[in-house]
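Asker: Below is the structure I would like to discuss, written out as structure tokens.
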Amino acid sequence: MDKENLISLEKILGFNFNNPSILLSAITHPSYAFEHPEEGIEHNERLEFLGDAVLELFISDYLFRTFPQKSEGDLTKLRSRLVCAESLYELAFKINLDKFLRLGKGEFKAGGNQRMSNLANAVEAVIGAVYFDCGIEAAFSFITRLYGEKLKPENLEQLPKDEKTTLQELLQKEKNNVLRYEILLEEGPPHQKIFTAGVIINDKLIATGRGKSKKEAEQEAAKKALELLKNEKEV
């Protein structure tokens, strides 16, 4: 990526990075880093890890202050809707990450710049980059602008639920259900891993799902579990 493109992204984000290579790393998919080791740019998984934590802190703090009467369970549900892959995927297009994401040739040809997991992960990586380079206040300011109208209390109540949240709420209607997710399998090279996740209810494996990230695999597994439970009720 040339310097002009990186400056264009900085303008969209509203920040001049002290170390532009941090931003470059945030938009570098593992497949690209694997194909171009000569650039010496780290891929975005570590920044994604950092950004995930920063985003969760911001959303938790915001919801805690905005809804003083809501229970821990209700706050958790709202947070899940705000930070789920579907929500981050939508936000990625707001800052044109689909145009800036650096992908390996195979991943790009496979439509990787439109793939939910790639874009959702890149959003978290960008948040991590802003935090690491500019500090917590800058990161919180960026998240506020990124989410925009989504953070208005009246809009928060209308947020769509992801599959994991829907499954959790369904099981909570019946007492004593214990829900957990487990990564059952990791396949492929480091830059193109495929994960298989399992939905386990009361220590019983109910459904599995596959995806290019752990989150994506868990969402797919939850979706299949919901379909299975729905079919059982219709019988």
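Glycine too: its Cβ is placed from the backbone N, Cα and C atoms.
According to Swiss-Prot:
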ACT_SITE  ASP52  active site
ACT_SITE  GLU124  active site
BINDING   GLU48, ASN121, GLU124  Mg(2+) binding site
DOMAIN    6-135  domain 'RNase III'
DOMAIN    162-231  domain 'DRBM'
Asker: Taking the Cβ of ASN121 (Mg(2+) binding site) as the centre, count every other Cβ atom within 10 Å, in any protein chain shown.
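Answerer: The Cβ of ASN121 (Mg(2+) binding site) has 31 Cβ neighbours within 10 Å.
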Asker: Within 10 Å of each Cβ, count the other Cβ atoms and name the one among the recorded positions GLU48, ASP52, GLU124 with the highest count.
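Answerer: Result for the most crowded candidate: GLU124.
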Asker: What is the number of residues in the domain 'RNase III' (6-135) that are helix, strand and coil, as DSSP sees it?
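Answerer: Per-class counts: 99 helix, 2 strand, 29 coil.
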Asker: Roughly how many angstrom lie between the C-alpha atoms of ASN121 (Mg(2+) binding site) and ASP52 (active site)?
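Answerer: Checking the Cα atoms of ASN121 (Mg(2+) binding site) and ASP52 (active site) gives a distance of 9 Å.
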Asker: Write down the Cα-Cα distance for GLU48 (Mg(2+) binding site) and GLU124 (active site), rounded and given in Å.
Answerer: 5
Asker: Relative to the mean position of the Cβ atoms of GLU48, ASN121, GLU124, the recorded Mg(2+) site, which additional same-chain residues have Cβ within 8 Å?
Answerer: ASN44, GLU45, LEU47, PHE49, GLY51, ASP52, ALA120, ALA122, VAL123, ALA125, GLY128
